[in-house]
Amino acid sequence: MWSHNKFRTVRAVALKTDMATKIIYFTVNGRPEQAEFPVDCPAQDVKDLFRSAAEAGPHDILKLYNPKGNIINISPRLEPNSPNSCYKLEVVAADCNSEPLGVELAVALGFDLSSMEKRLQGLEKKILIEAGETPAVVYEMKRQVESFREKLESVEHLSWLGLFKELSEGTQKPSPFYHKRTLRKTREECEHVREKFLQMSSLEVSEEVRQYLKTPTFDNWQWEDAEIMVLLQVMYTDLDFIATFNIEPEVLHQFLYEVYKRYNNIPFHNFKHCFCVTQMMYGLIWLTDLKSKIDSIDLLTMLTSAVCHDLDHTGYNNAYQINARTELALRYNDISPLENHHCAVAFEILEKNENNIFRNLTTEQYKRIREGIIKCILATDMTRHNEILNKFKSILPVFDFSNKDHRDVLMMIMIKVSDISNEARPMDVAEPWLDCLLQEFYNQSDMEKLEGLPVTPFMDRDKVTKPSSQTGFIGFVLLPLFIELANLFPCLEQHIIDPVRKALDYYTEMEKALEREKLIRAQSDKAAAAKNKDTTPQNLQNPQKTADSLSEAGNALKPPTL
(Lines of atoms letter the chains of each structure in order from A and count residues from 1; the text may use other names and numbers.)
(Lines give C-alpha, C1' and ligand atoms only; values in the text may rest on other atoms or scores of the structure.)
Protein backbone atom coordinates (compact mmCIF):
# COMPACT_ATOMS: atom_id res chain seq x y z
CA MET A 1 0.00 0.00 0.00
CA TRP A 2 1.42 3.38 -1.00
CA SER A 3 0.91 6.46 1.12
CA HIS A 4 0.36 9.97 -0.24
CA ASN A 5 4.10 10.66 -0.17
CA LYS A 6 4.87 7.53 -2.24
CA PHE A 7 6.51 5.74 0.71
CA ARG A 8 5.22 2.19 1.14
CA THR A 9 4.48 1.40 4.80
CA VAL A 10 5.59 -1.71 6.67
CA ARG A 11 4.45 -2.05 10.26
CA ALA A 12 5.30 -4.00 13.39
CA VAL A 13 2.32 -5.21 15.42
CA ALA A 14 1.34 -3.01 18.39
CA LEU A 15 -0.47 -4.36 21.44
CA LYS A 16 -2.64 -1.25 21.75
CA THR A 17 -3.88 1.01 18.99
CA ASP A 18 -2.97 4.10 20.98
CA MET A 19 0.63 2.99 21.64
CA ALA A 20 3.25 5.59 20.62
CA THR A 21 5.00 4.64 17.39
CA LYS A 22 8.05 5.70 15.38
CA ILE A 23 8.07 6.26 11.63
CA ILE A 24 11.33 5.70 9.77
CA TYR A 25 11.73 6.69 6.11
CA PHE A 26 14.27 4.78 4.00
CA THR A 27 14.94 3.47 0.50
CA VAL A 28 15.73 -0.08 -0.70
CA ASN A 29 17.27 -0.29 -4.19
CA GLY A 30 15.90 3.20 -4.83
CA ARG A 31 12.39 2.16 -3.74
CA PRO A 32 10.88 4.39 -1.03
CA GLU A 33 9.69 2.62 2.13
CA GLN A 34 8.43 3.75 5.50
CA ALA A 35 8.60 1.60 8.63
CA GLU A 36 6.26 2.07 11.58
CA PHE A 37 6.79 0.33 14.91
CA PRO A 38 6.04 0.90 18.63
CA VAL A 39 8.70 2.83 20.55
CA ASP A 40 9.18 -0.16 22.88
CA CYS A 41 9.23 -2.70 20.05
CA PRO A 42 11.72 -5.60 20.61
CA ALA A 43 14.99 -5.21 18.69
CA GLN A 44 14.51 -8.45 16.76
CA ASP A 45 11.08 -7.33 15.53
CA VAL A 46 12.60 -4.12 14.17
CA LYS A 47 15.37 -6.08 12.42
CA ASP A 48 12.78 -8.48 10.97
CA LEU A 49 10.76 -5.50 9.77
CA PHE A 50 13.72 -4.10 7.80
CA ARG A 51 14.68 -7.60 6.60
CA SER A 52 11.14 -7.99 5.29
CA ALA A 53 11.26 -4.62 3.52
CA ALA A 54 14.52 -5.63 1.82
CA GLU A 55 13.08 -9.06 0.96
CA ALA A 56 16.24 -10.51 2.51
CA GLY A 57 16.93 -14.07 3.59
CA PRO A 58 17.55 -15.09 7.24
CA HIS A 59 21.36 -15.09 6.87
CA ASP A 60 21.76 -12.07 4.57
CA ILE A 61 23.74 -9.12 5.94
CA LEU A 62 21.81 -5.83 6.07
CA LYS A 63 23.36 -2.39 6.54
CA LEU A 64 21.46 0.86 7.14
CA TYR A 65 23.12 4.16 6.18
CA ASN A 66 22.21 7.67 7.31
CA PRO A 67 22.16 10.62 4.83
CA LYS A 68 25.88 11.19 5.53
CA GLY A 69 26.69 7.67 4.38
CA ASN A 70 27.58 6.35 7.85
CA ILE A 71 26.34 2.92 8.94
CA ILE A 72 23.81 3.06 11.79
CA ASN A 73 22.32 0.33 13.96
CA ILE A 74 18.96 -1.18 13.05
CA SER A 75 17.29 -1.06 16.45
CA PRO A 76 14.29 0.42 18.30
CA ARG A 77 16.53 3.40 19.14
CA LEU A 78 16.61 4.57 15.50
CA GLU A 79 16.09 8.32 15.28
CA PRO A 80 12.81 9.23 13.46
CA ASN A 81 13.43 11.14 10.25
CA SER A 82 11.56 12.77 7.36
CA PRO A 83 11.14 11.82 3.68
CA ASN A 84 13.72 14.50 2.88
CA SER A 85 16.38 12.87 5.06
CA CYS A 86 15.60 9.20 4.55
CA TYR A 87 18.01 6.38 5.34
CA LYS A 88 19.34 3.88 2.81
CA LEU A 89 18.91 0.13 3.42
CA GLU A 90 21.15 -2.31 1.56
CA VAL A 91 21.68 -6.06 1.43
CA VAL A 92 25.50 -5.99 1.36
CA ALA A 93 25.83 -9.77 1.28
CA ALA A 94 23.19 -12.23 0.11
CA ASP A 95 22.94 -16.01 -0.06
CA CYS A 96 23.88 -16.96 -3.61
CA ASN A 97 23.80 -20.77 -3.33
CA SER A 98 20.56 -21.07 -5.25
CA GLU A 99 21.36 -18.44 -7.88
CA PRO A 100 22.60 -20.83 -10.63
CA LEU A 101 19.42 -22.91 -10.33
CA GLY A 102 17.35 -19.73 -10.28
CA VAL A 103 19.04 -18.48 -13.45
CA GLU A 104 18.44 -21.79 -15.28
CA LEU A 105 14.77 -21.81 -14.30
CA ALA A 106 14.43 -18.17 -15.22
CA VAL A 107 15.49 -19.02 -18.76
CA ALA A 108 13.20 -22.06 -18.93
CA LEU A 109 10.14 -20.46 -17.36
CA GLY A 110 10.55 -16.90 -18.56
CA PHE A 111 10.82 -15.41 -15.05
CA ASP A 112 13.21 -15.53 -12.08
CA LEU A 113 11.88 -18.18 -9.69
CA SER A 114 14.37 -17.49 -6.86
CA SER A 115 13.51 -13.80 -6.93
CA MET A 116 9.81 -14.69 -6.86
CA GLU A 117 10.36 -16.98 -3.85
CA LYS A 118 12.05 -14.17 -1.94
CA ARG A 119 9.18 -11.82 -2.73
CA LEU A 120 6.66 -14.42 -1.53
CA GLN A 121 8.58 -14.89 1.73
CA GLY A 122 8.55 -11.13 2.21
CA LEU A 123 4.83 -10.95 1.48
CA GLU A 124 4.09 -13.69 4.02
CA LYS A 125 5.86 -11.68 6.71
CA LYS A 126 4.06 -8.47 5.70
CA ILE A 127 0.64 -10.17 5.79
CA LEU A 128 1.34 -11.43 9.32
CA ILE A 129 2.54 -7.98 10.40
CA GLU A 130 -0.26 -5.93 8.81
CA ALA A 131 -3.06 -8.36 9.67
CA GLY A 132 -2.29 -7.93 13.34
CA GLU A 133 -3.22 -11.50 14.21
CA THR A 134 -0.30 -12.25 16.50
CA PRO A 135 -1.78 -12.97 19.96
CA ALA A 136 -0.88 -10.45 22.64
CA VAL A 137 0.56 -13.19 24.87
CA VAL A 138 3.06 -14.18 22.14
CA TYR A 139 4.10 -10.56 21.70
CA GLU A 140 4.63 -10.24 25.46
CA MET A 141 6.66 -13.47 25.58
CA LYS A 142 8.91 -12.22 22.75
CA ARG A 143 9.42 -8.97 24.65
CA GLN A 144 10.40 -10.84 27.80
CA VAL A 145 12.81 -13.14 25.93
CA GLU A 146 14.43 -10.12 24.27
CA SER A 147 14.75 -8.39 27.64
CA PHE A 148 16.30 -11.51 29.20
CA ARG A 149 18.75 -11.84 26.28
CA GLU A 150 19.87 -8.23 26.72
CA LYS A 151 20.42 -8.84 30.44
CA LEU A 152 22.55 -11.89 29.71
CA GLU A 153 24.64 -9.94 27.21
CA SER A 154 25.20 -7.23 29.82
CA VAL A 155 26.63 -9.68 32.36
CA GLU A 156 30.40 -9.23 32.38
CA HIS A 157 31.49 -11.97 34.72
CA LEU A 158 30.23 -14.53 37.18
CA SER A 159 31.73 -15.15 40.58
CA TRP A 160 31.00 -17.31 43.61
CA LEU A 161 29.66 -14.17 45.31
CA GLY A 162 26.73 -14.16 42.90
CA LEU A 163 25.72 -12.57 39.63
CA PHE A 164 27.17 -9.16 38.82
CA LYS A 165 26.61 -6.87 35.89
CA GLU A 166 27.85 -3.47 34.86
CA LEU A 167 26.09 -1.89 31.92
CA SER A 168 28.22 -0.15 29.31
CA GLU A 169 27.98 3.63 29.06
CA GLY A 170 26.56 3.57 25.54
CA THR A 171 25.51 1.24 22.77
CA GLN A 172 28.27 2.53 20.49
CA LYS A 173 31.10 1.87 22.97
CA PRO A 174 33.73 0.08 20.82
CA SER A 175 35.88 -1.39 23.54
CA PRO A 176 34.28 -4.17 25.62
CA PHE A 177 35.23 -4.57 29.28
CA TYR A 178 38.07 -6.93 28.40
CA HIS A 179 39.57 -6.77 31.88
CA LYS A 180 36.52 -8.62 33.21
CA ARG A 181 36.50 -11.30 30.51
CA THR A 182 38.58 -14.42 30.30
CA LEU A 183 41.76 -13.86 28.32
CA ARG A 184 41.11 -16.80 26.00
CA LYS A 185 37.85 -17.00 24.09
CA THR A 186 35.40 -19.53 25.48
CA ARG A 187 34.32 -22.54 23.45
CA GLU A 188 30.74 -21.22 23.35
CA GLU A 189 31.93 -17.82 22.12
CA CYS A 190 33.97 -19.43 19.33
CA GLU A 191 31.27 -21.88 18.26
CA HIS A 192 28.69 -19.09 18.04
CA VAL A 193 30.95 -17.04 15.73
CA ARG A 194 31.93 -20.13 13.72
CA GLU A 195 28.29 -21.01 13.06
CA LYS A 196 27.47 -17.48 11.92
CA PHE A 197 30.60 -17.34 9.72
CA LEU A 198 29.82 -20.65 8.01
CA GLN A 199 26.25 -19.48 7.36
CA MET A 200 27.61 -16.28 5.80
CA SER A 201 30.63 -17.74 4.00
CA SER A 202 28.65 -18.36 0.80
CA LEU A 203 27.18 -14.86 0.74
CA GLU A 204 27.86 -12.58 -2.19
CA VAL A 205 29.30 -9.31 -0.89
CA SER A 206 28.10 -6.28 -2.84
CA GLU A 207 30.41 -4.46 -5.22
CA GLU A 208 30.03 -1.26 -3.18
CA VAL A 209 31.36 -2.98 -0.05
CA ARG A 210 34.18 -4.62 -2.05
CA GLN A 211 35.33 -1.20 -3.24
CA TYR A 212 34.94 0.33 0.23
CA LEU A 213 37.11 -2.50 1.60
CA LYS A 214 39.99 -1.24 -0.56
CA THR A 215 40.07 2.21 1.07
CA PRO A 216 41.87 3.44 4.22
CA THR A 217 38.58 5.04 5.34
CA PHE A 218 36.96 1.65 6.07
CA ASP A 219 35.10 1.64 9.42
CA ASN A 220 35.79 -1.61 11.28
CA TRP A 221 33.52 -0.78 14.24
CA GLN A 222 30.35 -1.49 12.26
CA TRP A 223 31.19 -5.16 11.58
CA GLU A 224 30.84 -8.22 13.82
CA ASP A 225 33.55 -10.89 14.07
CA ALA A 226 31.72 -13.35 11.78
CA GLU A 227 31.24 -10.61 9.17
CA ILE A 228 34.91 -9.67 9.47
CA MET A 229 35.84 -13.26 8.61
CA VAL A 230 33.68 -13.00 5.48
CA LEU A 231 35.53 -9.80 4.52
CA LEU A 232 38.92 -11.49 5.04
CA GLN A 233 37.70 -14.26 2.74
CA VAL A 234 36.81 -11.59 0.16
CA MET A 235 40.38 -10.26 0.28
CA TYR A 236 41.87 -13.68 -0.50
CA THR A 237 39.34 -14.12 -3.33
CA ASP A 238 39.70 -10.67 -4.93
CA LEU A 239 43.50 -10.90 -5.00
CA ASP A 240 43.08 -14.18 -6.96
CA PHE A 241 44.82 -16.26 -4.28
CA ILE A 242 42.06 -18.91 -4.28
CA ALA A 243 42.52 -19.72 -7.96
CA THR A 244 46.27 -19.08 -8.21
CA PHE A 245 47.27 -21.25 -5.23
CA ASN A 246 44.37 -23.71 -5.35
CA ILE A 247 43.13 -22.82 -1.86
CA GLU A 248 40.02 -24.88 -1.09
CA PRO A 249 37.20 -22.76 0.39
CA GLU A 250 36.69 -25.08 3.39
CA VAL A 251 40.43 -24.89 4.20
CA LEU A 252 40.35 -21.08 4.08
CA HIS A 253 37.27 -21.11 6.35
CA GLN A 254 39.03 -23.35 8.86
CA PHE A 255 42.24 -21.26 8.73
CA LEU A 256 40.37 -17.99 9.37
CA TYR A 257 38.40 -19.60 12.20
CA GLU A 258 41.58 -20.88 13.89
CA VAL A 259 43.12 -17.42 13.56
CA TYR A 260 40.01 -15.86 15.12
CA LYS A 261 40.22 -18.32 18.04
CA ARG A 262 43.84 -17.46 18.77
CA TYR A 263 43.32 -13.70 19.14
CA ASN A 264 42.56 -12.93 22.78
CA ASN A 265 40.00 -10.80 24.61
CA ILE A 266 42.22 -7.78 25.20
CA PRO A 267 41.48 -4.10 24.54
CA PHE A 268 43.76 -3.44 21.53
CA HIS A 269 45.73 -6.38 20.11
CA ASN A 270 42.59 -8.38 19.36
CA PHE A 271 40.89 -9.87 16.29
CA LYS A 272 39.52 -6.49 15.18
CA HIS A 273 43.07 -5.09 15.23
CA CYS A 274 44.18 -8.08 13.13
CA PHE A 275 41.45 -7.19 10.63
CA CYS A 276 42.36 -3.48 10.56
CA VAL A 277 46.02 -4.22 9.84
CA THR A 278 45.07 -6.73 7.14
CA GLN A 279 42.51 -4.36 5.61
CA MET A 280 45.07 -1.53 5.46
CA MET A 281 47.59 -3.89 3.83
CA TYR A 282 44.91 -4.94 1.35
CA GLY A 283 44.05 -1.30 0.63
CA LEU A 284 47.72 -0.35 0.12
CA ILE A 285 48.17 -3.24 -2.32
CA TRP A 286 45.34 -1.89 -4.47
CA LEU A 287 46.20 1.82 -4.08
CA THR A 288 49.83 1.27 -5.16
CA ASP A 289 48.91 -1.24 -7.91
CA LEU A 290 51.37 -3.63 -6.29
CA LYS A 291 49.85 -6.55 -8.23
CA SER A 292 51.61 -5.29 -11.35
CA LYS A 293 54.95 -4.84 -9.57
CA ILE A 294 55.55 -7.98 -7.50
CA ASP A 295 54.37 -11.59 -7.86
CA SER A 296 51.43 -13.29 -6.16
CA ILE A 297 53.57 -15.23 -3.68
CA ASP A 298 54.88 -11.99 -2.15
CA LEU A 299 51.33 -10.57 -2.03
CA LEU A 300 50.05 -13.75 -0.34
CA THR A 301 52.94 -13.51 2.13
CA MET A 302 52.10 -9.89 2.98
CA LEU A 303 48.38 -10.45 3.48
CA THR A 304 48.82 -13.62 5.56
CA SER A 305 51.54 -11.94 7.66
CA ALA A 306 49.06 -9.18 8.49
CA VAL A 307 46.38 -11.74 9.44
CA CYS A 308 48.78 -13.57 11.78
CA HIS A 309 51.00 -10.73 13.04
CA ASP A 310 49.65 -10.53 16.64
CA LEU A 311 48.36 -14.07 17.27
CA ASP A 312 47.94 -14.92 20.97
CA HIS A 313 49.02 -11.45 22.16
CA THR A 314 48.29 -11.20 25.88
CA GLY A 315 48.28 -7.39 26.18
CA TYR A 316 51.76 -7.01 27.71
CA ASN A 317 54.63 -5.82 25.51
CA ASN A 318 58.18 -7.14 25.12
CA ALA A 319 59.60 -4.87 27.84
CA TYR A 320 57.19 -6.42 30.34
CA GLN A 321 57.93 -9.97 29.10
CA ILE A 322 61.67 -9.40 29.58
CA ASN A 323 61.45 -7.58 32.94
CA ALA A 324 58.98 -10.13 34.35
CA ARG A 325 61.09 -13.02 32.98
CA THR A 326 58.04 -14.66 31.45
CA GLU A 327 58.05 -18.03 29.74
CA LEU A 328 58.14 -16.30 26.33
CA ALA A 329 61.16 -14.16 27.27
CA LEU A 330 63.01 -17.24 28.52
CA ARG A 331 62.06 -19.29 25.46
CA TYR A 332 63.26 -16.66 22.97
CA ASN A 333 66.22 -15.33 25.01
CA ASP A 334 64.71 -11.82 25.27
CA ILE A 335 64.85 -11.42 21.47
CA SER A 336 61.44 -10.18 20.20
CA PRO A 337 59.56 -12.63 22.47
CA LEU A 338 56.09 -11.62 21.30
CA GLU A 339 56.83 -11.49 17.58
CA ASN A 340 58.58 -14.86 17.70
CA HIS A 341 55.55 -16.26 19.52
CA HIS A 342 53.11 -14.81 16.94
CA CYS A 343 55.11 -16.56 14.18
CA ALA A 344 55.20 -19.84 16.08
CA VAL A 345 51.42 -19.81 16.65
CA ALA A 346 50.82 -18.99 12.95
CA PHE A 347 52.78 -22.01 11.78
CA GLU A 348 51.30 -24.17 14.51
CA ILE A 349 47.90 -23.41 12.92
CA LEU A 350 49.25 -24.02 9.40
CA GLU A 351 50.89 -27.28 10.47
CA LYS A 352 47.47 -28.96 10.57
CA ASN A 353 46.47 -30.06 7.09
CA GLU A 354 42.83 -28.97 7.47
CA ASN A 355 43.97 -25.38 8.23
CA ASN A 356 46.88 -25.17 5.79
CA ILE A 357 45.97 -22.72 3.02
CA PHE A 358 49.45 -23.37 1.55
CA ARG A 359 49.05 -27.16 1.32
CA ASN A 360 48.83 -27.19 -2.50
CA LEU A 361 52.01 -25.12 -3.01
CA THR A 362 55.31 -26.62 -4.04
CA THR A 363 58.00 -27.18 -1.41
CA GLU A 364 59.97 -24.25 -2.81
CA GLN A 365 56.94 -21.92 -2.75
CA TYR A 366 56.10 -22.89 0.84
CA LYS A 367 59.69 -22.33 1.95
CA ARG A 368 59.67 -18.87 0.38
CA ILE A 369 56.34 -17.92 2.01
CA ARG A 370 57.43 -19.19 5.43
CA GLU A 371 60.66 -17.17 5.24
CA GLY A 372 58.70 -14.08 4.16
CA ILE A 373 56.06 -14.35 6.89
CA ILE A 374 58.73 -14.71 9.58
CA LYS A 375 60.57 -11.63 8.28
CA CYS A 376 57.38 -9.57 8.12
CA ILE A 377 56.06 -10.46 11.58
CA LEU A 378 59.47 -9.99 13.25
CA ALA A 379 59.63 -6.56 11.58
CA THR A 380 56.66 -5.40 13.68
CA ASP A 381 58.89 -5.27 16.79
CA MET A 382 59.20 -1.51 17.31
CA THR A 383 62.72 -1.85 18.74
CA ARG A 384 63.78 -2.56 15.14
CA HIS A 385 61.97 0.49 13.75
CA ASN A 386 64.98 2.70 13.01
CA GLU A 387 67.02 -0.20 11.64
CA ILE A 388 64.35 -1.12 9.07
CA LEU A 389 63.44 2.46 8.18
CA ASN A 390 67.07 3.46 7.62
CA LYS A 391 67.61 0.42 5.40
CA PHE A 392 64.58 1.38 3.32
CA LYS A 393 65.75 4.99 3.02
CA SER A 394 69.18 3.84 1.82
CA ILE A 395 67.75 1.81 -1.09
CA LEU A 396 64.96 4.22 -2.09
CA PRO A 397 67.04 6.19 -4.64
CA VAL A 398 67.84 2.96 -6.51
CA PHE A 399 64.78 0.89 -5.60
CA ASP A 400 64.32 -2.08 -7.92
CA PHE A 401 61.20 -4.29 -7.79
CA SER A 402 63.12 -7.13 -9.42
CA ASN A 403 65.65 -7.13 -6.55
CA LYS A 404 64.61 -9.65 -3.85
CA ASP A 405 66.42 -7.78 -1.06
CA HIS A 406 64.61 -4.58 -2.02
CA ARG A 407 61.25 -6.36 -2.11
CA ASP A 408 61.90 -7.92 1.31
CA VAL A 409 62.52 -4.50 2.86
CA LEU A 410 59.43 -3.08 1.16
CA MET A 411 57.30 -5.92 2.55
CA MET A 412 58.60 -5.17 6.05
CA ILE A 413 57.84 -1.45 5.61
CA MET A 414 54.34 -2.25 4.32
CA ILE A 415 53.43 -4.36 7.35
CA LYS A 416 54.93 -1.76 9.70
CA VAL A 417 52.82 0.98 8.09
CA SER A 418 49.71 -1.23 8.23
CA ASP A 419 50.35 -2.15 11.88
CA ILE A 420 50.41 1.44 13.11
CA SER A 421 48.04 2.96 10.56
CA ASN A 422 45.04 3.82 12.74
CA GLU A 423 45.73 7.55 12.61
CA ALA A 424 45.47 7.40 8.80
CA ARG A 425 41.80 6.54 9.22
CA PRO A 426 38.90 8.98 9.81
CA MET A 427 38.95 10.44 13.33
CA ASP A 428 35.70 8.70 14.37
CA VAL A 429 37.33 5.37 13.51
CA ALA A 430 40.84 6.14 14.80
CA GLU A 431 40.10 7.79 18.15
CA PRO A 432 38.27 4.79 19.69
CA TRP A 433 41.34 2.69 18.81
CA LEU A 434 43.50 5.11 20.81
CA ASP A 435 41.15 4.65 23.79
CA CYS A 436 41.59 0.88 23.47
CA LEU A 437 45.37 1.20 23.25
CA LEU A 438 45.58 3.42 26.32
CA GLN A 439 43.39 0.97 28.24
CA GLU A 440 45.86 -1.81 27.39
CA PHE A 441 48.85 0.40 28.26
CA TYR A 442 47.36 1.41 31.60
CA ASN A 443 46.62 -2.22 32.43
CA GLN A 444 50.30 -3.04 31.87
CA SER A 445 51.67 -0.13 33.92
CA ASP A 446 49.28 -1.00 36.76
CA MET A 447 50.61 -4.56 36.70
CA GLU A 448 54.23 -3.33 36.61
CA LYS A 449 53.60 -1.22 39.73
CA LEU A 450 51.96 -4.14 41.51
CA GLU A 451 54.84 -6.49 40.70
CA GLY A 452 57.59 -3.97 41.45
CA LEU A 453 58.84 -3.95 37.84
CA PRO A 454 60.19 -0.91 35.96
CA VAL A 455 57.15 1.10 34.83
CA THR A 456 57.03 1.76 31.08
CA PRO A 457 56.92 5.61 30.93
CA PHE A 458 54.51 6.02 27.99
CA MET A 459 52.04 3.61 29.65
CA ASP A 460 51.84 5.23 33.09
CA ARG A 461 48.30 6.49 33.65
CA ASP A 462 49.66 9.06 36.13
CA LYS A 463 51.90 10.67 33.51
CA VAL A 464 50.34 10.10 30.09
CA THR A 465 47.37 11.92 28.59
CA LYS A 466 45.54 11.09 25.40
CA PRO A 467 47.07 13.92 23.32
CA SER A 468 50.57 13.62 24.81
CA SER A 469 50.63 9.94 23.88
CA GLN A 470 50.00 10.82 20.25
CA THR A 471 51.83 14.03 19.39
CA GLY A 472 55.31 12.57 19.85
CA PHE A 473 54.39 9.21 18.30
CA ILE A 474 52.86 10.77 15.19
CA GLY A 475 55.62 13.35 14.77
CA PHE A 476 58.64 11.12 15.34
CA VAL A 477 57.44 7.64 14.31
CA LEU A 478 54.35 7.70 12.08
CA LEU A 479 55.02 10.62 9.73
CA PRO A 480 58.70 9.78 8.98
CA LEU A 481 57.70 6.18 8.16
CA PHE A 482 54.67 7.10 6.05
CA ILE A 483 56.56 9.83 4.18
CA GLU A 484 59.26 7.39 3.08
CA LEU A 485 56.68 4.93 1.73
CA ALA A 486 54.97 7.82 -0.09
CA ASN A 487 58.34 8.72 -1.63
CA LEU A 488 58.18 5.36 -3.41
CA PHE A 489 54.41 5.61 -4.06
CA PRO A 490 53.46 9.33 -4.38
CA CYS A 491 49.77 8.38 -4.76
CA LEU A 492 49.70 7.60 -1.02
CA GLU A 493 50.21 11.26 -0.05
CA GLN A 494 46.47 12.03 -0.03
CA HIS A 495 45.43 8.66 1.38
CA ILE A 496 47.70 8.27 4.42
CA ILE A 497 49.94 11.36 4.82
CA ASP A 498 47.24 14.05 4.81
CA PRO A 499 45.01 12.30 7.40
CA VAL A 500 48.00 11.72 9.70
CA ARG A 501 48.96 15.41 9.52
CA LYS A 502 45.38 16.34 10.42
CA ALA A 503 45.51 13.92 13.35
CA LEU A 504 48.75 15.55 14.55
CA ASP A 505 47.09 19.00 14.40
CA TYR A 506 44.06 17.65 16.26
CA TYR A 507 46.07 16.18 19.16
CA THR A 508 48.43 19.18 19.28
CA GLU A 509 45.43 21.49 19.75
CA MET A 510 43.96 19.12 22.34
CA GLU A 511 47.26 19.14 24.25
CA LYS A 512 47.39 22.95 24.19
CA ALA A 513 43.80 23.15 25.40
CA LEU A 514 44.59 20.80 28.30
CA GLU A 515 47.62 22.90 29.24
CA ARG A 516 45.52 26.09 29.17
CA GLU A 517 42.86 24.45 31.30
CA LYS A 518 45.51 23.25 33.75
CA LEU A 519 47.01 26.76 33.99
CA ILE A 520 43.60 28.40 34.51
CA ARG A 521 42.74 25.87 37.21
CA ALA A 522 46.05 26.51 39.00
CA GLN A 523 45.51 30.28 38.88
CA SER A 524 41.95 29.87 40.11
CA ASP A 525 43.07 27.68 43.03
CA LYS A 526 45.78 30.20 43.92
CA ALA A 527 43.30 33.11 43.86
CA ALA A 528 40.80 31.16 45.95
CA ALA A 529 43.48 30.34 48.53
CA ALA A 530 44.50 34.02 48.76
CA LYS A 531 40.89 35.11 49.11
CA ASN A 532 40.28 32.59 51.90
CA LYS A 533 43.33 33.88 53.73
CA ASP A 534 42.15 37.50 53.46
CA THR A 535 38.62 36.72 54.67
CA THR A 536 39.70 34.59 57.64
CA PRO A 537 38.72 36.40 60.92
CA GLN A 538 41.69 37.80 62.85
CA ASN A 539 40.92 35.76 65.93
CA LEU A 540 41.04 32.53 63.83
CA GLN A 541 44.54 33.49 62.69
CA ASN A 542 45.70 33.53 66.36
CA PRO A 543 45.11 30.13 67.97
CA GLN A 544 45.58 31.31 71.60
CA LYS A 545 43.29 34.28 71.12
CA THR A 546 40.73 32.01 69.48
CA ALA A 547 40.84 29.62 72.46
CA ASP A 548 40.37 32.47 74.97
CA SER A 549 37.44 33.87 72.96
CA LEU A 550 35.75 30.50 72.80
CA SER A 551 36.20 30.05 76.54
CA GLU A 552 34.59 33.45 77.27
CA ALA A 553 31.74 32.70 74.90
CA GLY A 554 31.18 29.38 76.61
CA ASN A 555 31.04 30.99 80.06
CA ALA A 556 28.59 33.60 78.82
CA LEU A 557 26.25 30.89 77.55
CA LYS A 558 26.24 28.96 80.84
CA PRO A 559 23.00 29.22 82.85
CA PRO A 560 23.27 31.35 85.99
CA THR A 561 24.33 29.52 89.18
CA LEU A 562 21.65 29.21 91.83
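Our numbering is plain: 1 for the first residue shown, then up by one each step along the chain.
Just so you know, glycine gets a Cβ as well, placed from its N, Cα and C.
TrEMBL: automatically predicted annotations, no manual curation.
The model shown is predicted, which means the values in this text are computed figures rather than measured ones.
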Fill in: Listed range which TrEMBL flags as region 'Disordered', given the options 134-172, 524-562
524-562
Worksheet item: the domain 'PDEase' (186-514): mean pLDDT?
Response: 97
Worksheet item: Ranked by the number of other Cβ atoms within 10 Å of their own Cβ, which of the recorded positions HIS269, LYS272, HIS273, HIS309 ranks first?
Response: HIS309
Discussion item. Just to verify: the residue among ASP310, ASP419 with the fewest other Cβ atoms within 10 Å, which of the binding-site residues is it?
Written reply: ASP419
Fill in: Extra residues within 8 Å (Cβ to Cβ centroid of HIS273, HIS309, ASP310, ASP419), Zn(2+) 1
HIS269, CYS274, VAL277, ALA306, HIS313, THR380
Worksheet item: Quick one: which of these binding-site residues, ASN270, LYS272, ASP419, GLN470, have their CA within 10 A of HIS309 (Zn(2+) 1 binding site)?
Response: ASP419
Worksheet item: Relative to the Cβ position of PHE271 (AMP binding site), how many further Cβ atoms are located within 10 Å?
Response: 21
